[in-house]
Amino acid sequence: MSFSGVQAMKGWLEKSSLGQLSKAGSGELKARHSASFHVQPQGACKRNAIAAEATDHASFSDITVLPKTAAQLRLLGKATARSLLFEGMSPSARQAVFNSMTPLVVDAGTDIIQQGEQGANEFYVLEKGSCEVYVQSAEPGSRPCKVHSYSGCSGFGELALLYNQATAQRRKLLSNAPMLDLLAPERRAMVAEAMEEVSFRSGTTVFRQGDPGDRFYIIKSGVAVVSTGAGSDRAVQARLKAGGYFGERALIKDEPRAADVTADGELQCFTLQRQVFLALLGPIQDVWRLEALRKVPMLNNLKERHLVELAQQMTAENFTAGQLVFRQGDSGDTFYVVAQGTFSVFDNEGQEMVRLGTGSCFGEAALLRPDVRAANVRAVTDAGAMVLHRADLDRLLGPLTDIGHMWRLAALGTVPLLGGLSCEQRAQLCSALKPLRHIPAGTVLVRHGEPAESFYIVESGSCQVLGASNQELGRLGSGMFFGELALLSKEPRPATVKALSSIDLLALSRADFQRLLGPLQNLLTEHAAKFCPTTAVHQNVGLGDMEVGRVLGAGAMGQVRLVHYRSQRCALKSISKAQLVREGLQEHVKRERRVLAVCSCPFIVTLVTAFQDATHLHLLMECVPGGELFTHLQHHKRTGLSEDAARFYAAAVVLALKYLNERDIMWRDLKPENLLLDANGYLKIADFGFAKKLVPGHRTFTLCGTPDYLAPELVTQTGHGHAVDWWALGVLLYEMCAGQPPFTHSDQVQMFKNIVAAKFTFPKHFSGELQDLISRLLQRNPAQRLGVQLGGAGEVQGHPWFANHLDWAAFGARQVPAPFLPQGAHIAAISNGSQTPCEQRDPGLERYESIGIFRDF
């Protein structure tokens, strides 16, 4: 019988009972090993990014002394030397842990730990042999998948180091509370992330009757006694056990507690502050309304902000038990969302059709047109409903027949190529969009190499973008677009796009585009050159198709060279396959290629094409000639940049992060070294080796990034999401204006402690607005961080430090003068770099065929 988990391949292990380790989440990280950090000294020396699996912190007790030999102590010391699990321990504590470890010999094929086992509490160091980590997915009939392997002198933990059941447990417990069970899964996950764990000793009062209510509790373990009255009148109203909840009305409004709650025995709870919930999702009544509106098919195409506006217009109505809401045949102009209580829907014969409880909705047809009610609705109990009138919808968004037009207008506004058009011009294009309905799954929408004739917007459904070798480059969903360059030329399609599901598209032909906006053709061509200097992702390209010039930069994995390709200057990034394999970083460069292939943003470096030969992978990208922001900052090391200059550069990062967030992409490597200046002084973000697509509300567990810029959840390795990019923005702002990052310390352990505690001070010259913005970005709790709350990136853009000093529309159109124009030696070196023949590679380099591990590059 086989189990998923860690399986031995003839190994010798030392194990130590360290108490129950904190669990860390069921994300991509299936196995953990200690992370190794190297902090570069400050100054002109560039900082290296790190990539490693995570380790969890643990406490230990009941130490048994089993003295070790000198050789064993050296092995244990080496295995734990750079682990964050041990880094904070004193030498005596570390020695005590080593002496507590007991030997264990296991045969090949033996299961050391098993996925799903309860109560595991051991930490292991592998002395000899090797072992492998397998994970069984939740898919029925799926086979365990190997995700990692360990060799001698490695340390690993029990299941708690592989998975975090805590968040999963919180999500499950949240479903017990009706008012939170209504949340969409991704929002329930966000709430679970924001909850804190608290403990109460037996007899402790959690809160008293009459206390102001500001927290909601769910019981993890133990018993909570709910009682009212005092003295002889005291009466127990309920005894709540694991899975029970109390204080839920605190999420609705501030009101006194209605009862006492006391711990009967040791009590552990997950708790959520009302203010945290408000910052994360807004008032819970608005959340209920929003979730209900999402379920109305006729509103499916509305943007999130429009649904939020509608939800805010809904008003409350109360009904007594037995009260009729409306009769069959009545005229209707009102839509209802049940807030509390129960309603019955029945016909004129009195036959009940359905009962509706909290979160359900009825009467939605009234939003479309004046109509008669199709059934009777009556309150079964005292009940309340949130109400939306058709007049309010028409006033906010126009008639539903116009909403489709508005949605199309907004979709066209996201296309960088059309960024220079006025609203009136985009409205003209909207009228020319032709709907293509119910295209079956599997249909090829455009094919690689075919002449381009039309531009498409995905109205509903999803499709995948495929490269010349049929490898997936990315996926597109509602509101996303492809083929926009077809509006300017008949250049062959750079990729194939295939429907993944039944899909509805909106198409705009080049002929209609030229008929409507023909006089703007030259202007748009210039605009395309500015925003997309490389006009398409070409395939079937090799080194022989370009003239290779000077080296622009070099690193451990390869080099970047200036090349001339199709009369354009480009940057060719060449990465050694052999080095990638030795470092285990193949997926990083493949991920970078996939992300860049689907990005079309003026603040993200543009990919021209990707190709490979026997020894190297190549990414051909637009040349961004102004160099790194890091180099520019070195001239302002003592004083930092002015706030106006920092605001200009930060604005580009905000828009780039907003673009990535809208596509569920985390960057995870923000730092000045990865911010490039173009010839006009505008920033473009580069280097996407750590980028990852992640659904909102979920977490991932790969430790990656640059130490100075790591968020607390990366250091503690408890799982992270999109919030890490907004934390890094806070660090960048601080470094630009102060000359160094906020947590820098000569002792790397102290630096990590400062990060985890969010401990830093502001220079005196920082304005109050800047301090407030950085403080809200450098929030220790990711759920409270600016950028991930209800308003998303819009909250960052709307912060006074930006909003009071920057015209976002002008900046997006690149009409704001840059504080610094790259000139002189650097630009000249790139422009006039001498051309050289293609480098002659060492024939001894290891060769890897494109059909092997790099087949999907």
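Sequential numbering from 1, following the chain as shown.
Note that Cβ sites are derived from N, Cα and C of the backbone, with glycine treated the same way.
If you look up TrEMBL, you'll see 85-168, 179-289, 298-403, 417-534 marked as domain 'Cyclic nucleotide-binding'. Residues or ranges marked as domain 'Protein kinase' by TrEMBL: 546-802. The ATP binding site annotation in TrEMBL covers Leu552, Gly553, Ala554, Gly555, Ala556, Met557, Gly558, Gln559, Val560, Lys573. What TrEMBL lists as active site, proton acceptor is Asp669. Marked as domain 'AGC-kinase C-terminal' by TrEMBL: 804-857.
Summarising the environment of Leu552 (ATP binding site), the number of other Cβ atoms within 10 Å of its Cβ, over all protein chains shown, is 20. If you draw a 10 Å sphere around the CB of Ala554 (ATP binding site), it holds 11 other CB atoms from the protein chains shown. A Cα-Cα distance of 18 Å separates Ala554 (ATP binding site) from the residue listed as 'active site, proton acceptor'. Listed in sequence order, Lys573, Ser574, Ile575, Ser576, Gln579, His616 are the same-chain residues six or more apart from Gly558 (ATP binding site) with CB atoms under 8 A from its CB. Taking the Cα atom of each, Val560 (ATP binding site) and Asp669 (active site, proton acceptor) are about 19 angstrom apart. Secondary structure from DSSP puts Gly558 (ATP binding site) in a beta strand. DSSP places the residues of the domain 'Cyclic nucleotide-binding' (298-403) in helix, strand and coil in these numbers: 28 helix, 41 strand, 37 coil. Spacing of the residue listed as 'active site, proton acceptor' relative to Leu552 (ATP binding site) is 21 Å (Cα to Cα, whole number).
Around the Cβ of Asp669 (active site, proton acceptor), 24 further Cβ atoms fall within 10 Å across all displayed protein chains.
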